[in-house]
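In what follows, a structure is listed as structure tokens, so that the remarks can point back to it.
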Amino acid sequence: MQTITRTSRNSLASLTLGAIGVVYGDIGTSPLYAFREALGQAARDGIVQAEIVGVLSLALWALIIVVTLKYVIFLSRMDNNGEGGVLSLMALAQRATGGGWVAVTLLGATGAALFYGDAIITPALSVLSAAEGLKTIPGLDGMSQTAIIGVTVGILAALFMFQSRGTASVATLFGPVCLVWFVALAGLGLWHIADAPEVLTAFNPLHAVTFLVSHGVTGLFVLGAVFLTVTGAEALIADMGHFGRRPIQLGWLSFVWPALTLNYLGQGALALKALAAAEAIGQPLANADWFFIMAPDVLRAPLVILATLATIIASQAVITGAYSLTHQAISLGLLPRLTIRQTSEHQMGQIYMPGVNWLLLGGVLLLVLGFKSSSAMAAAYGIAVTGTMVVTTCMAFLIAWKYWNWEPVWTALLIAPFLALDLFFFGANILRVSEGGWVPLLVAGLVGLVIFTWLKGRRTALARASEQGVSLNETVMALHARPPTRIEGTAVFLTQDLDVTPSALLHNLKHNKALHRNNIVLKVEIQARPYVAPEQRVVVDRIDESFLKARLRYGYMDTIDVPSDLARADGLLVGPGGTSFFVGRSAIRFAARPVLPRWMTVVYMFLHRNAADPTAYFSIPSNRVVELGSQIEL
């Protein structure tokens, strides 16, 4: 019993350390810029003590309400068979509502689109903020911003180019490095709190309320900047499938939250001390890079190096999250198939998506070169994250109501304060659209357009194919009446509709005048759950002695391997002659009477034409595939 308990504790400690290295990388690097930017918004007419304490109070209570209460305590319980994140919640809400609510799909698509807007900003802002710390090192204070940008571009380019090799070999370092990072955050904070203990009054929420009331519109701009302290909170639920609820909660409550709180208090204490010194000589206090100047000169260079490593790890977590979200979106039918490569033979889920990788790199570098400083870029950050949080909260209401069967009134009373706060933050960030907030909105809009076009185009194409198709039962009856030449072996015809004869089967009969001894009409179905148990994978319905219909069911996080799963199903792939897979490849053409707007058809044609090969996506060896073409007019 003691051995089991000890093993369980070791496993919990290991998972908690892993969560600290992956889940909290984004929110853990916020002290680099969050307090500085929030105070900068408040200090347009000079900094006073009430503004320092007020901004700090807003930051502390944002961590308490948004991260601790909403995400760690409430939303972490809302998982889809252990998986979290906006698309997992969408899939769970679809199951809860029977899949018939279009609003659920729209919410999920909106959340996913906003995530990509956030994904290009996080690496750019965090790495650039760390690189700007170089100017605080004695002797490097004259370093130009152009040189800082060059260093940032070099680090980011190297990071994205490294992705194709996978991160399994270095991932074990993420936890220890971030552990040191959070210890440094806490240590620096404690050191400065002792110089101005009155900073602890910021725990009184009246300071936050008074600040907002007294500063009017300026208070809303400050609130938008304060939100930078909680960016990255979505990762707490998005990574539940990797680490589990308890390690994530334990890591936050016992380590990360205290470290962040102490560091923000330390930055506030340093600002109060600097304010007292400035007032003593009759000078106004200018805003500063409070995080880096917390460290003494001799430790400034090591702190910059540590901050750079922490931001690289945070960026890696966002990149990996983008791969994972894209994989889920493809499985759930929101995006066309993209090339996916496994980067580890031993660890599931270690994937690399070259298309996503290079698009992210292009966006990240454009941001760095366009905004040129972390302060300018910070205005663009919050709007995508707040939008995602609004979507998540709305999804939480649907799940609590429809899936947990809570009373709608009580559910609304619980969710309403969280939604009100999310909308308040969202409104505060909307004010900064002209300062750069338009960038993530533009990215989200483009991704949303792709998702909407793919959903609409694919649904329309499937409907047209069904209209033009022939009933499978009628085809089987016709083959009984006029039997073609039989050849040994098994033919597997992939289809989207089991009631319609696959076009590949019709073309095979037309051109080859032959039919295999055994024929399987197969549909691959993606369930609204992350995983499907192997024993529930295959569902078979026999039509006659030579034809059967089969469903292969996968979760949206499962790795699809059609040949292996068919081979494991008793009695499917039998007899001599081997197995051939017939895939219909449809070409989209303009119809004489179009059913979609022309621009949408053009975009859908582009997406359809550039989608990854379905045989690779289904793990079917190319030497066992026969492709037969058809045309669909839209």
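Keep in mind that glycine also has a Cβ here, set from the backbone N, Cα and C atoms.
Listed in Swiss-Prot for this protein:
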- 15-35: transmembrane segment (TRANSMEM)
- 55-75: transmembrane segment (TRANSMEM)
- 101-121: transmembrane segment (TRANSMEM)
- 142-162: transmembrane segment (TRANSMEM)
- 173-193: transmembrane segment (TRANSMEM)
- 208-228: transmembrane segment (TRANSMEM)
- 252-272: transmembrane segment (TRANSMEM)
- 303-323: transmembrane segment (TRANSMEM)
- 351-371: transmembrane segment (TRANSMEM)
- 381-401: transmembrane segment (TRANSMEM)
- 408-428: transmembrane segment (TRANSMEM)
- 435-455: transmembrane segment (TRANSMEM)
Range from 15-35, 101-121, 142-162, 252-272 with the greatest count of C-beta pairs under 8 A to the transmembrane segment (208-228):
15-35
Have the transmembrane segment (101-121) and the transmembrane segment (15-35) got at least three CB pairs under 8 Å, pairs 6 or more apart in sequence?
no
Mind checking which residues reach the transmembrane segment (435-455)? Cβ under 8 Å, same chain, six or more beyond either end.
105, 109-110, 112-114, 116-118, 120-121, 329, 333-336, 363, 367, 371, 376-377, 379-384, 387, 429, 600, 603-604, 607
Mind checking which residues reach the transmembrane segment (408-428)? Cβ under 8 Å, same chain, six or more beyond either end.
65-66, 70, 74, 220-221, 223-224, 227, 382-383, 386-387, 389-390, 393-394, 396-397, 400-401
Counting Cβ pairs under 8 Å that are 6 or more apart in sequence, does the total for the transmembrane segment (55-75) and the transmembrane segment (303-323) reach three or more?
no
Criterion met for the transmembrane segment (303-323) and the transmembrane segment (252-272) (at least three Cβ pairs under 8 Å):
no
Please figure out which one of 15-35, 142-162, 173-193, 252-272 racks up the most CB pairs under 8 Å against the transmembrane segment (351-371).
142-162
Determine which recorded stretch among 142-162, 173-193, 252-272 has the most C-beta pairs below 8 angstroms with the transmembrane segment (15-35).
173-193
